[in-house]
């Protein structure tokens, strides 16, 4: 038979050493709280060593003792001692008084993990619950039943616009034409005379000044456009008039090149020069 086909019963037996963990923990000074012997009273071998795996955690004794109870597994395959990273809390016995069924030994079984409770598990559950509560808090308020648009918060109602009488508006306009800004005493006196509040007079003057500035800016812009159009018209009038149209060619000049050239130069001559030249010709 090949060495790789050997079963678990054909594995070589490891001889115990005198300074191992089993000998130190199983001394006479810890009769009740130390690490006890394994199943069948064996202190060495596969069932005598302490196992720290999760499946051996259900055998922990009361008051934080590390001694495994009967039914807990020992050393894993190969004689390796496993120490748990966290000490699990003791599991209370079942309510019916039935004996707890031990899970399968070794790390491959999952029966011992069913009832284990670690401190970090409680904190994780508490953290997840807090996060869920915080996430659902905006939706936990009371919502009105109906159309989705009806569930929205109704908008604030606007304050109705104050209307003044014709006599009040005329007096305010007359005062605004004389004085654009009012002092506190003048505003109070005008409000008392018109049977208005100080805030109403102040608001009316503010709105009227805004309207006055807008009208003034529009008037200035219109004047600027009118001035631009007037300047353009004056520039067009200041430009020289176009030249006279050329005279029809004389049939006599068409047969003489010199007379034809002289006739072509005649439109560029000024009226006074033409008159002087004609006068000189008549004198001669």
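Using the three backbone atoms N, Cα and C, a Cβ is placed for every residue, glycine included.
Database features (Swiss-Prot):
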DNA_BIND  157-216  DNA-binding region
COMPBIAS  30-50  compositional bias 'Gly residues'
COMPBIAS  87-96  compositional bias 'Pro residues'
REGION    1-50  region 'Disordered'
REGION    78-106  region 'Disordered'
REGION    139-166  region 'Disordered'
**Asked** Per DSSP, how many helix, strand and coil residues does the DNA-binding region (157-216) have?
**Response** 42 helix, 0 strand, 18 coil
**Prompt:** Could you give the mean pLDDT over the DNA-binding region (157-216), rounded to a whole number?
**Reply:** 92
